[in-house]
């Protein structure tokens, strides 16, 4: 009897000493930091780690558009754009102003990607930005689900 009481007390004290589970934070501040303030590589690292796990990390990459038009890898930019839309909706923040901000960030991400082409490859940067402009146009026209 004494042994079972000691074991029960020991087990309960171990449970009390264990850290309490913390609530996952994927609120507006975290979402905005990953979306608007972090580099695309920092965003991708968080996405690959699914950190924080309560964010909606799902993505269909560049939807029905090619993920890599003419070899330009737009996937990370498309994934961050999806993150903005999905988590904006999840947090009930998805207004037209918010959508425009996410879309503008998408264009900036694409242009930043295109800026890697310089010197003898500067023509690729020009071509890449033209594709970026097309992708931006379509998210503005069709991103709300109302495509002509």
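Cβ from N, Cα, C; glycine included.
Using a 10 Å radius centred on the Cβ of residue 81 (active site) and all shown protein chains, the other Cβ atoms total 27. Feature annotation from Swiss-Prot assigns active site to 81.
The secondary structure of residue 82 (Ca(2+) binding site), as reduced to three states from DSSP, is helical. For 82, the entry in Swiss-Prot reads Ca(2+) binding site, with the evidence type similarity to another entry.
The disulfide bond feature in Swiss-Prot is assigned to 62-78; the stated evidence is similarity to another entry. Within 10 Å of the C-beta of residue 78 (disulfide bond) there are 22 other C-beta atoms, taking all protein chains into account.
There are 16 other Cβ atoms within 10 Å of the Cβ belonging to residue 61 (N-linked glycosylation site). Residues or ranges marked as N-linked glycosylation site in Swiss-Prot: 61.
Summarising the annotation, Swiss-Prot assigns signal peptide to 1-23 and lists sequence analysis as the type of evidence.
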Number of Cβ atoms other than its own within 10 Å, given for residue 62 (disulfide bond): 20
Inter-residue Cα distance where the pair is residue 82 (Ca(2+) binding site) and residue 62 (disulfide bond), in Å: 9
All-chain count of other Cβ atoms within 10 Å of residue 82 (Ca(2+) binding site): 21
Alpha-carbon distance [residue 61 (N-linked glycosylation site); residue 81 (active site)] in Å: 9
Integer Cα-Cα distance in angstrom, residue 82 (Ca(2+) binding site) to residue 61 (N-linked glycosylation site): 8
